[in-house]
Amino acid sequence: MKRLSTQSPQFQQELQALLAFETVQDPKIDQIVADICADVQRRGDAAVIAYTNQFDGTQAQTMADLTLSQDDLKAAFFRLPENVQTALQTAAERVRSYHQHQKQESWHYTDADGTLLGQQVTPLDRVGIYVPGGKAAYPSSVIMNAMPAHVAGVPEIIMVVPTPQGERNDIVLAAAYIAGVTKVFTIGGAQAVAALAYGTQTVPQVDKITGPGNAFVAAAKRRVFGVVGIDMVAGPSEILVIADGSTPADWVAMDLFSQAEHDEIAQAILIATSPDYLDEVQAAMHRLMPTMPRRAIIEASLGNRGAMILAKDLDEACAIANYIAPEHLELSVENAAAWAQKIRHAGAIFMGRYTSESLGDYCAGPNHVLPTSRTARFSSPLGTYDFQKRSSLIQVSEQGAQQLGKIASILAHGENLTAHARSAELRLKD
Ligand code: NAD
């Protein structure tokens with residue numbers, strides 16, 4: 001892992017180089033995705049079935065072969081061992097409870113002249129949840145995407161998940177059952193995103209699509225944005241650990257591994273205030289590495305984009321964290337809650353040495369879909385609010401129309417919009 005020191009005259013340049021990551025928008029992938037989306041828009045189900053058979057190795061004849069009902073989801077749940085059922089239910093309940101706090105409510109107030117102004121909050125009608133399934137199964141993604149929609153009161157939650165060679169994952173389907181998913185289609189990739197965005201004879205058109213996926217899924221989400229809403233286009237996973245040296249080095253080493261094991265281009269960074277502690281963590285990583293089944297990915301990720309940074313104190317460490325704006329920030333320090341107040345940019349802040357980032361991935365309660373690639377400077381975790389929308393409410397009283405009408409008339413004439421002005425003036429009494 002690279003070592004950087006804030007005392008080096010090249011530090012700023014080195015930090016820039018470390019963070020440099022451009023979302024690769026491969027033109028070849030974009031072209032494939034454009035063709036698939038156009039074909040699904042044109043041929044509907046027939047195209048979805050053909051691409052699913054081609055890319056996922058299935059032998060579907062009709063969409064019925066790629067459709068699961070509530071009963072199928074329920075059956076998957078009851079096939080699971082009891083400890084898995086309980087773990088899923090506990091995680092889902094914690095996520096539900098957290099997202100309940102995020103629910104926005106309608107509000108209004110009345111002016112002195114009797115004019116009512118406010119905001120009406122309503123859930124989206126129908127949303128699509130993309131759950132990746134090409135190379136691995138992600139039940140936690142089901143809970144993290146579907147539960148906020150469920151809490152928001154979305155009446156129809158349509159989930160898509162590819163099932164390579166037709167192999168269905170019971171934990172994924174059980175997670176859908178307890179997270180309130182209405183219907184599941186076992187389709188994936190660009191064809192699934194296009195089916196949700198445009199609708200087909202069988203797949204209902206949704207209003208918004210959320211959920212992570214590979215490059216084909218990301219390109220398809222970018223392409224259909226505008227026809228439907230999307231949550232975000234997520235980049236590779238990131239973790240930044242700030243350690244004051246009070247946490248066992250093995251714990252910090254494993255926390256860095258836990259993000260590095262996602263992907264060769266994931267990013268794991270440690271900032272500490274003592275070179276001895278950096279050495280200790282480095283030694284722990286060497287010792288633990290051979291025990292990791294995903295060693296090759298971890299080594300590639302740490303080698304490509306990982307770093308250890310020596311800072312002069314924790315204030316400086318927090319300033320660097322604000323610049324990096326990481327997806328996950330662990331404050332592995334004494335008095336973590338006090339230091340958290342210095343953090344303005346991070347997707348999620350894990351406070352104190354007992355709060356490993358992995359608890360947030362599965363069951364702590366907050367969402368694990370978080371802004372990456374420095375976008376935490378301006379965006380937030382996926383939440384209940386992403387499945388709600390707001391309509392402005394205005395009810396002007398007769399008295400209010402007199403005062404507002406005069407103002408609107410003056411401004412409308414200033415814009416040469418005569419109908420606007422007259423519409424306001426017609427309601428004036430004299
Ligand atoms: P996926 O479901 O995203 O993609 C599988 C689909 O890709 C296939 O069904 C197929 O339709 C399409 N595809 C594959 N090769 C294709 C080709 N040559 N041409 C056209 N389409 C093709 O599953 P995945 O591949 O396992 O990727 C999952 C991704 O999601 C990973 O990058 C993983 O790290 C990420 N992920 C992120 C989070 C998060 O919260 N940020 C959580 C889970 C997974």
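Glycine residues also receive a Cβ, built from the backbone N, Cα and C atoms like all the rest.
Keep in mind that what you see is a predicted model, and the values were worked out from it rather than measured.
Together with GLN259, HIS262, HIS420, the Zn(2+) site in TrEMBL holds one more listed residue from ASP170, ASP315, ASP361, which is ASP361. Substrate binding, as stated in TrEMBL, involves SER237, GLN259, HIS262, ASP361, GLU415, HIS420; the candidate among HIS108, HIS150, HIS328 given for that site is HIS328.
Ranked by Cα separation from ASP361 (substrate binding site), the recorded positions TYR130, GLN191, ASN214, GLU327 are led by GLU327. Every protein chain shown contributes to the tally, and the Cβ of HIS328 (substrate binding site) ends up with 26 other Cβ atoms within 10 Å. Across the residues annotated as binding substrate (SER237, GLN259, HIS262, HIS328, ASP361, GLU415, HIS420), the two Cα atoms farthest apart lie 56 Å from each other.
Under DSSP, GLN259 (substrate binding site) is assigned to a helix (H, G or I) in the three-state scheme.
Taking GLN191, ASN214, GLU327 as the recorded positions under consideration, the smallest Cα distance to SER237 (substrate binding site) is found for GLU327.
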